[in-house]
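Student: The structure follows.
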Amino acid sequence: MTLLALGINHKTAPVSLRERVTFSPDTLDQALDSLLAQPMVQGGVVLSTCNRTELYLSVEEQDNLQEALIRWLCDYHNLNEDDLRNSLYWHQDNDAVSHLMRVASGLDSLVLGEPQILGQVKKAFADSQKGHLHASALERMFQKSFSVAKRVRTETDIGASAVSVAFAACTLARQIFESLSTVTVLLVGAGETIELVARHLREHKVQKMIIANRTRERAQVLADEVGAEVISLSDIDERLREADIIISSTASPLPIIGKGMVERALKSRRNQPMLLVDIAVPRDVEPEVGKLANAYLYSVDDLQSIISHNLAQRKAAAVEAETIVAQEASEFMAWLRSQSASETIREYRSQSEHVRDELTVKALAALEQGGDAQAILQDLAWKLTNRLIHAPTKSLQQAARDGDDERLNILRDSLGLE
């Protein structure tokens with residue numbers, strides 16, 4: 001039995017190829033059925049995200065194994081093998097285990113240390129379990145990878161610092177306000193960055209979110225997801241005074257929030273402070289706003305300096321994380337190798353127990369017939385000893401006759417002899 005990890009990711013393949021190798025949720029069951037129907041495959045998990053498509057497999061060794069699996073992947077996606085082969089990576093046993101642990105820990109992600117990948121790996125594992133048989137070693141590998149990812153996040157600072165603009169904006173807000181559970185946040189825009197910001201804020205249980213956007217329909221989809229109120233851009237002037245935090249990211253060529261608008265809001269708030277985070281390019285907030293008392297304005301450049309510092313911290317933490325992964329992968333492989341002896345150990349124990357039971361029954365019968373207890377126990381001990389050492393004795397004698405000192409020493413060691 002061999003463990004494999006094969007696939008493509010953002011480092012090995014352009015998006016034009018990655019999008020052709022994805023497995024959609026609607027067809028995942030069909031893909032797993034097809035994969036597990038391959039005679040060499042004992043169990044499989046398919047991980048498919050925007051940045052990677054990977055197969056994690058437990059397989060029986062055979063000739064041309066790599067060719068057979070590449071052919072299946074190409075046939076399933078109707079791809080030319082040469083197109084895929086140049087971008088495909090292939091990891092086996094210890095390397096496969098290490099790769100999965102690195103992926104689950106965020107060490108192989110586009111954004112180093114990002115936490116979302118662990119949830120994606122867990123979902124891939126859960127999805128592949130629905131009606132599909134797993135090899136026990138594959139299941140154990142995934143469960144171990146989950147615990148390793150948790151250990152990496154607990155014992156290192158890999159996820160402690162923001163390295164995306166959206167996350168940095170939320171981190172800044174949490175640093176300035178003791179708790180987000182008492183603040184109102186106005187989000188201006190409804191694009192991808194604001195979507196990420198809104199989800200981060202929801203996770204931190206912000207008291208109230210308001211989303212202002214040019215098109216109400218797009219904003220409403222996000223608002224329904226995070227429990228926010230939707231307003232139009234023209235309503236910002238009137239509603240700005242409610243916001244303790246404003247985070248803006250639109251594609252507007254001109255500023256949306258001006259100095260006068262913020263002055264009016266501060267006056268209505270009796271100069272309670274406002275945090276404005278402008279992550280738009282061009283800027284959504286007039287730079288002069290930063291000169292107002294109690295208005296704290298941060299631009300995308302301010303956030304970028306935070307991100308650069310934090311990324312350096314994450315890279316240092318990644319060195320510690322790699323050490324953890326190497327150690328855990330080595331321990332897992334030691335466990336896996338030990339499993340190959342499990343069946344032999346079970347058979348040996350069963351055989352010994354059978355001898356014990358057989359001789360015990362005879363001894364008990366002799367006692368019931370009134371035989372001398374001491375003599376019966378001595379006979380039991382003598383016969384049990386002889387039956388149990390018979391096979392090892394023959395093996396020792398044969399090794400000696402053959403002049404096989406290496407085998408003789410192995411047998412001595414296995415019998416606990418000095």
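Heads up, the Cβ atoms here are built off N, Cα and C, so glycines get one too.
Pulled these features from Swiss-Prot for this protein:
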type: ACT_SITE; residues: C50; note: active site, nucleophile
type: BINDING; residues: T49, C50, N51, R52, S109, E114, P115, Q116, Q120; note: substrate binding site
type: BINDING; residues: G189, A190, G191, E192, T193, I194; note: NADP(+) binding site
type: SITE; residues: H99; note: site 'Important for activity'
Student: Write down the Cα-Cα distance for H99 (site 'Important for activity') and the residue listed as 'active site, nucleophile', rounded and given in Å.
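Tutor: Checking the Cα atoms of the residue listed as 'active site, nucleophile' and H99 (site 'Important for activity') gives a distance of 18 Å.
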Student: Based on DSSP, name the secondary structure state of S109 (substrate binding site): helix, strand or coil.
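Tutor: The three-state answer is coil.
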Student: Hey, what's the Cβ neighbour count for I194 (NADP(+) binding site) at 10 Å?
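Tutor: I194 (NADP(+) binding site): 25 neighbouring Cβ atoms within 10 Å.
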Student: Can you tell which of C50, A190 has the most other C-beta atoms within 10 Å, given these are the recorded positions?
Tutor: A190
Student: Identify all same-chain residues not among T49, C50, N51, R52, S109, E114, P115, Q116, Q120 whose C-beta atom falls within 8 angstroms of the centroid of the substrate site's C-beta atoms; report them in sequence order.
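Tutor: Sorted by sequence, the hits are G106, L110, I117.
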Student: Quick one: give me the count of other CB atoms within 10 A of the CB of Q120 (substrate binding site).
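Tutor: Neighbour count, Cβ to Cβ under the 10 Å cut-off: 17.
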Student: Could you give the maximum C-alpha to C-alpha distance in Å for the residues T49, C50, N51, R52, S109, E114, P115, Q116, Q120 that bind substrate per the record?
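Tutor: Site span for substrate, by Cα atoms: 15 Å.
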Student: By a simple count, how many Cβ atoms lie within 10 Å of the Cβ of N51 (substrate binding site), its own Cβ left out?
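Tutor: I count 19 other Cβ atoms within 10 Å of it.
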Student: Express the distance between the Cα positions of A190 (NADP(+) binding site) and Q120 (substrate binding site) as a whole number of Å.
Tutor: 24
Student: I need the neighbours of the NADP(+) site defined by G189, A190, G191, E192, T193, I194. Which other residues of that chain put their C-beta within 8 angstroms of the C-beta centroid, in sequence order?
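Tutor: Near the NADP(+) site, the remaining chain residues are L187, E195, L196, V197, S249, T250.
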Student: State the Cα to Cα distance, in Å, between T49 (substrate binding site) and H99 (site 'Important for activity'), rounded to an integer.
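Tutor: Answer for this pair: 16 Å between alpha carbons.
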Student: Between E192 (NADP(+) binding site) and P115 (substrate binding site), what is the CA-CA distance rounded to a whole number of Å?
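Tutor: So the Cα of P115 (substrate binding site) lies 18 Å away from that of E192 (NADP(+) binding site).
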